[in-house]
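The structure appears below as structure tokens.
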């Protein structure tokens, strides 16, 4: 009996985190996996695990899918705070098909760790990639759940239920199937397409919940109810239906700053800056979005030529000789540079790497933009927004170093002007203008007005604290004009 007791004590000590073991060295344990430890809970190894899977609407962009992670992660955080007898895992959906990856449809099921450093997120909530989950449980879950916002007036009824439970097809879940003519002992009767048609996930039960405000807190409360019964895993279909969290919610949960880029991709961007800019901080970066934005009249995208001329003006204004361009139309932009600005061609730089995945190239682009002295983006673009988010986290979030190119009709379109926090119709700087004089003289009045107008995004959309996970330095910021 004593021998068994000693074995139990040995196992207990092996599983406890280092601060409980009082050991000088963190000896790897044969019992507890070091990559499977929830650092926020000392007694994690002894708790039963529950799993929250999710996905988004098929084809959603890379940066929107990144945003949805924060919403679901916040729900899982609330779960672990509310219910401490179990530990709840966030299962990250694989990347299979993303709209902006074009024809690069793949069944490779790319992991999040290819793009991001997950250690920061794992400090807040337990996280695992879907590949690991599938390895343990197969493509199965106990519950398939989706949410739908109530549109219109809440129906009058005698009872006071907080939400309505509907059939899953009422949530417009595509690829949903109910298997018929099954054997009696078949548990997983329901099947849905999962994560950009990566695979099909089968579930035992399914529900669609309808409510006014699908917040992360509401989601956590419904998950808590489900997990209290005989359920160990839930798949949330269309996690993008969850409302965006308030910044203070993310800050309070330590989730404001949990998706740093992969170290490999950061190093790739750093090497590009070192090679081309000699590590100069005074380069201009920009994001020019054209492909689909041209079709949306309210975005009022300016022509490539006048956009590039405005970037040159800002470059000369900032006493720089370097412009890094991130764009979804590199060939078109390069063509315009060659034809309209051959004398300034040596000022423009692009990042290209055929060995990397499209998503990886996009992140390297974002990091190079994040490091720049001044960034010029598009307030309607999530790609630009995530660059500004990253810049805020490395101490470059000041408004005068994060500009918007402005809509093309900004000087006359009053509704468009309301979409910016500030619009300045400034006088042109003569010294900077002198270097562009021949080109400026050929401009129409509309183009001249566009050139001198400076637009600003809303700073309160972005983090106000410098990250402990990201590398960067604060810098003194002055007015642009």
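Any Cβ shown, glycine's included, is placed from N, Cα and C.
These figures come from a predicted structure and were not determined experimentally.
Together with 59, 60, 61, 62, 63, 287, 288, 289, 382, 383, Swiss-Prot lists one candidate of 270, 365, 400 for binding GDP-beta-L-fucose, that being 365. Between the listed binding-site residues, namely 59, 61, the fewest other CB atoms within 10 angstroms of a CB are found at 59. Reduced to three states, the DSSP call for residue 59 (GDP-beta-L-fucose binding site) is strand. The 10 Å shell around the Cβ of residue 63 (GDP-beta-L-fucose binding site) contains 19 further Cβ atoms across the protein chains shown.
A separation of roughly 24 Å, to the nearest angstrom, links the Cα atoms of residue 59 (GDP-beta-L-fucose binding site) and residue 390 (site 'Essential for catalytic activity').
Listed in sequence order, 304, 307, 325, 326, 327, 328, 329, 333, 378, 405 are the same-chain residues at least 6 apart in sequence whose CB falls under 8 Å from the CB of residue 288 (GDP-beta-L-fucose binding site).
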